[in-house]
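Inspection log for the structure reproduced underneath, given as structure tokens.
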């Protein structure tokens, strides 16, 4: 996946550290992580359980806050924002895709996709049109009126990707999006995700499986909260770009 | 604003769809909220429908053939409502117009109409089959068909004196038909008039079963003045004519005015006595407690719903929802369900009540003349239901706004740690609430009372969470099941606390209501003065006869004959006559108190020395010159023995020893009574000192004199009734036979002792507490079981027996129910005490009485049933977990 034309930096993380608990029971989930993601770029994050992958995802999405360090998303420094502003940022700039799809069971596919736009105060007609467009881009617009329990896992995950990138959202944070799918469906979902990134978005993909990480432009390895290279050596910030090529 | 509306619509959609998806929970809450709304709305409709409209009352008065009905209640000008049902005198203005009422009416009567005077005479109408007391209407023969307000069914209308028209029910009661002969006796004392029944028919408009007899004028003696006049003819009586007649003190019900009532100010009769401050406070406090408890009882359903939706809420937060939006989703759930419950409850209540009324009417009932819906009350009930649902969802919505989104997405415990300040606030609220409620109750300050009650209840609920945590510290000291349950309860306070709150609310409400009702019942029983031993029959010869005159059986012999016939009718054991004495020249006999028993000038209102001595009550009072007079009982011991109250034997012995029985406060230290005849003479005669014995609460008889003392005082003694002793209380049929035996000569009643339906209500309340308490516990247990399944599987994997699952479930129930019932009982007793305190403003001697059996049934019954039920209903083996396909 080299030689792709990348856009400007969308996400910047510098010295991000996250410590859970205090004193003797303190756990350092992330330790001085630096990361840049550009538009058009999909970055995979790999690592063992407990290495800090999900914590990193939560922090860059504004769901969690770093103990130290900074995260800048689309020009906004997240630590300077209050909870309401971070929620607004998630509505407008960031979308999550989870392992077990996590569509709202009470809403149809179109309503799931339009929900962040409607929560942002966008009128129903506009939000629905944007949702239809997003569904069309991931190839499931014919399922717009179906409820989640009327769709397969792969279809639900496509809807989740559509929701993650509906409207102005440009950063998709995917936490094991293929973990609950068979390999064929998983490949299919990755193809859709890659296509959406190529169309002008950016993505951070947490995965255990190298074959899905191969869809990314580069891969970051985490071990005990620290970014390491393929051999387990800690990488300095200036070498991150190099570590991504495997 | 538009953005807010769009966001609100999106959250409302989620809340609505969630309500539809969680059908069981939604149905539960809808039932809990909607059923009371249904019952209240339906009841209001039925009550309103049972009250005839003013229009109906007026038209029933007019029948089908008259233009108006006029009465002459005042000699001064009046103002009246459009229906002639309410009127009042215009003060300070003399009546104008022609002299007599009839002249005044004719002066204003529309040309072409005529007047029919109606005379009404109470009469005893008899046939071979029996006697019926009824008002006999006398009308001019020519106008009788138009003014009789009845439809002829059989025979013809009476045309000459000596004929009669009967309503079907009266004819049936007398067992007569057309051609039969009846006699009508009136109070004039003349010999009864013998009449021939020539027509039978149904009354118009009024109840089909209404009694009535109509005769041509001259058939029976009538009063000089008619009770009113019908206007017959074809010309309507206009409002102008009505107001003109009002100037002469006439009140008019006009068909034309009733059918098209003018906009005139209401002429209200003065309303009922306004509520005292204490009553207002009591009602407000009770209503507040009721509402608060309804909220707390419904609350767990929303709390559990929100808890189950925690991951969905976290997901929505990840999408971009802020705290307010998360709260709004849960709160809108309450709005959606509350709206459905309120509207459905009110609608079904109305439909049900209308259906009940229709069925009742179809079966011949006249109790619901018009279907009427009191919209204001129905809407108020629906709003209360709506408010309860929304308020119940409020606290869970606050909690939902504080969830740990990251933890929820990671399927970890996501509820925010409970604040330590909440239990402290609870304890403070309880302390302040009790103080405020007591001060409010004692000083009759309604607002303070209500605030105190609310603070007390909220404080207990707030503190209960802290207590759950405290109880959790006992975990290391108990067995595995108890340890697991206690830890689970304290760590999962979001699940445990609402269930405990619901049980507290249910139990507190019932115990408070029960304590208040039982205190009132106990007070009523303590104040009840029985006339005689239970089952004893009393025959009082003095009475008001059917004409309103005072009569009584004259003479000892006649009383004895009457009493004997009563004894036979009730299968009695013995008879003792009741004799009463009173001064020959009128006045009364006073028992003078010793100086230390006199009411001091500076006494407080509750000083017992300032209460009246117990005196003979009305039951046996003979009548002198048409008026009741205070009298004293004269007895040699037989009568008080027959009366059969506690202490009767000692009282009889004292009487036989020649002593007078007096109220203890009238007994002098030397064992005498000082009796003085107060007949108005000046100076009063000197008191007569006689040996005496104290008797307290000997039925209604305060002073009882031996015959010798009555003679010494120069009192006149009459036989005024009799006491019939029985082996068992007579049945209603026996009593009816007894009353027939002395009909018109004496009154018969039976002393059945103090009776009250309160115990029945108390047990109904206990049943309600059981249902709600068990329901709330069951709800919490169902959720606990679902959440606890993985832990149970782990327990099973490490070798725990199958019974362990049951024991854990039982222990989990025990934590909820023991805390809930314990705190609820204490809170209920406190609230009941406050309510009794508040009621003391009106009844100073009211004391707190705890309904022991009912409280015990709640305190023991609910825990036993909940724990036992959890143990028995929990499966000992884990179900196979369903694997979800991808």
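Glycine is no exception: its Cβ is also placed from the backbone N, Cα and C atoms.
Annotation source TrEMBL lists transmembrane segment at B:275-303, B:329-355, B:375-395, B:422-442, B:448-475, B:496-517, B:760-788, B:809-835, B:855-874. Residues or ranges marked as domain 'ABC3 transporter permease C-terminal' by TrEMBL: B:286-403, B:764-875.
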Mark yes when the transmembrane segment (B:448-475) and the transmembrane segment (B:275-303) have three or more Cβ pairs under 8 Å (sequence separation 6 or more) and no when they do not.
yes
Mind checking how the domain 'ABC3 transporter permease C-terminal' (B:286-403) divides into helix, strand and coil residues in DSSP?
99 helix, 0 strand, 19 coil
Sequence-remote partners of the transmembrane segment (B:496-517) [C-beta within less than 8 Å, at least six residues beyond its ends]:
286, 289-290, 292-293, 296-297, 299-300, 303-304, 395-396, 457, 460-461, 464-465, 468, 489-490, 758, 761-762, 765-766, 768-769, 772-773, 775-777, 779-780, 815-817, 819-821, 823-825, 827-833, 835-836, 839, 848-851, 854-855, 858, 862
Where among B:329-355, B:375-395, B:422-442, B:809-835, B:855-874 do we find the most Cβ pairs under 8 Å to the transmembrane segment (B:448-475)?
B:422-442
Cβ under 8 Å, sequence separation of at least 6 from the ends of the transmembrane segment (B:422-442): give me the contacting residues as numbers and ranges.
281, 285, 448-467, 469, 830-831, 834-835, 837-838, 840-841
Using DSSP, break the domain 'ABC3 transporter permease C-terminal' (B:764-875) down into helix, strand and coil residues and give each count.
94 helix, 0 strand, 18 coil
Please work out which recorded stretch in B:375-395, B:809-835, B:855-874 has the most C-beta pairs separated by under 8 angstroms from the transmembrane segment (B:329-355)?
B:375-395
Across the whole of the domain 'ABC3 transporter permease C-terminal' (B:286-403), what does the mean pLDDT come to? Round it, please.
88
